[in-house]
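Reviewing the structure listed below.
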Amino acid sequence: MNTLLIIDGLNLVRRIHAAQPDENDINNVQQMTLLACTKMLKTHQPSHVIVVWDGDEESWRKKLYSDYKKGRKPMPEALKIALVGIRNTLSEAGIHSLEAESEADDVIATLATKMVENSGAAIIVSTDKGFSQLVKKNIQIWDHFKQLFLDISAHEKKLAVEQYQFLDFIALAGDSGNKIPGIAGIGPKSAADLLNKFRTLANIYNSLDNLGAKQAQKLAEGREMARISYKLGQLQCHMPLEINLKQFRVKK
């Protein structure tokens, strides 16, 4: 079975950079990134590897909701300039890159989905818990910094909902890390309680008459924001990609 190792480029590099004693020591970031990717290849032994990078275009999520990811700390200018060199270093080692038009997330989700649809497997390297919605047979999430696969059961326990409810949970409670709003006045505990009782967002909205007046009002008034939040959190798994996987085969 072919296995594609998909590395979330900026997620990896920015965390490596943040851990450096001297943030201007870009050469060390470059070498640490290469070492990290080499270690992943040794650990997972994939047939193919690809590093996906965010592009410069405004994402469709930002167009849908202007506050999406608002307030994120911008990438240090020195690191931004060094990305080309980092990509070249990886390419020289046989680890090739793909740049998304905007966010890398949907491209990563599409690559993983296509691998499974073609009887392969995918390992996504990222600390972004948004990829948890993709976990199933032959799709795993690897945290390079903890050296662990995402334990979906532990993640379910943390949120107090099941995996199939993750997007409904975001629709209700939002996602503070990405500035996805959710419904005003509905926090993580209330969202989990509602989903444990009614199972789905649709069932919740079909049962407003069975809820307390204040909570029902919050849900009714926040219905459109719930719809937007769900869409913001949902990864697009069938983006049009014009690539040939052969160019990303690991050279033995």
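Just so it is clear, glycine is given a Cβ too, placed from its N, Cα and C backbone atoms.
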_From 101-106, 125-130, 185-190, the residue range that Swiss-Prot assigns the feature region 'Interaction with DNA'_ = 185-190
*Cβ within 8 Å of the K(+) site's Cβ centroid: which residues qualify beyond Leu172, Ala173, Pro181, Ile183, Ile186?*
Ala171, Gly174, Gly182, Ala184, Gly185, Gly187, Ser190, Ala191, Gly222, Met225, Ala226, Ser229
_Can you tell me the CA-to-CA distance separating Pro181 (K(+) binding site) and Asp105 (Mg(2+) binding site), as a whole number of Å?_
19
*Under 8 Å Cβ-Cβ from Asp105 (Mg(2+) binding site), six or more apart in the same chain: what's there?*
Asp8, Asp128, Gly130, Phe131, Leu235
*asked:* Sequence gap of 6 or more, Cβ distance under 8 Å: name the residues on the same chain that satisfy this around Ala173 (K(+) binding site), in order along the sequence.
replied: Gly182, Ile183, Ile186, Gly187, Pro188, Ser190, Ala191, Ala192
